[in-house]
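Annotated in TrEMBL:
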type	residues	note
DOMAIN	15-150	domain 'Molybdopterin cofactor biosynthesis C (MoaC)'
BINDING	Leu75, Cys76, His77, Met113, Glu114	substrate binding site
ACT_SITE	Asp128	active site
Amino acid sequence: MSSFTHINASGEANMVDVSAKAETVREARAEAFVHMAPETLQLIVSGQHHKGDVFATARIAGIQAAKKTWDLIPLCHPLLLSKVEVQLEAIEAENKVRIESVCKLAGKTGVEMEALTAASVAALTIYDMCKAVQKDMVISQVRLLEKTGGKSGHFKAEK
């Protein structure tokens with residue numbers, strides 16, 4: 001197992017110096033799920049939710065969150081993302097919403113945290129918009145699906 005790159009010899013947390021790293025194209029995909037009652041999901045799918053288009057709002061929130069990851073996670077670098085995509089899918093047979101995010105850039109550090117933040121905040125936004133009709137929704141399975149680029153190479157999560 002690798003050592004933690006954010007911890008110095010004295011055990012203190014610091015931002016990693018990436019100035020000597022080569023720029024490469026980097027991409028990451030992440031997902032999250034929001035489990036809810038069938039009635040709540042139907043409000044979203046039918047467009048009858050009193051707060052408006054839940055998926056559109058969650059998509060924009062996820063995109064904004066990816067762009068602000070450096071401001072939310074203390075040791076993340078500010079990045080010039082070239083792509084942020086957030087897709088939402090209602091899985092009615094399982095009473096849940098699947099969120100998938102993709103972040104991409106040409107840079108010196110990866111975009112895994114940005115993809116994870118986008119998926120997480122989109123899920124939180126769904127919860128926020130629907131909490132008036134259901135408070136016991138469950139956000140689950142937030143994970144990195146895949147990353148490419150950089151020194152550590154390609155990673156793909158098992159199904």
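Glycine is treated like the rest: Cβ placed from N, Cα and C.
Features as recorded by TrEMBL, highlighted on the structure.
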{"residue": "Leu75", "record": "substrate binding site", "contacts (Cβ under 8 Å, 6+ apart)": "His6, Ala13, Asn14, Met15, Val16"}
{"residue": "Cys76", "record": "substrate binding site", "contacts (Cβ under 8 Å, 6+ apart)": "Thr69, Trp70, Met113, Glu114"}
{"residue": "His77", "record": "substrate binding site", "contacts (Cβ under 8 Å, 6+ apart)": "Met15, Val16, Val18, Trp70, Lys108, Thr109"}
{"residue": "Asp128", "record": "active site", "contacts (Cβ under 8 Å, 6+ apart)": "none"}
| request: Return the maximum Cα to Cα distance in Å (whole number) over the record's substrate-binding residues: Leu75, Cys76, His77, Met113, Glu114. | output: 12
| query | Setting Leu75, Cys76, His77, Met113, Glu114 aside, what same-chain residues sit with their Cβ within 8 Å of the center of the Cβ atoms that define the substrate site, listed in sequence order? | reply | Thr69, Trp70, Ile73, Leu79, Thr109
| Could you count the residues of the domain 'Molybdopterin cofactor biosynthesis C (MoaC)' (15-150) that DSSP puts in helix, in strand and in coil? | 49 helix, 44 strand, 43 coil
| said: Which one is it: of the binding-site residues Met113, Glu114, which Cβ has the fewest other Cβ atoms within 10 Å in this structure? | reply: Met113
| message | Mean pLDDT for the domain 'Molybdopterin cofactor biosynthesis C (MoaC)' (15-150), rounded to an integer? | response | 96
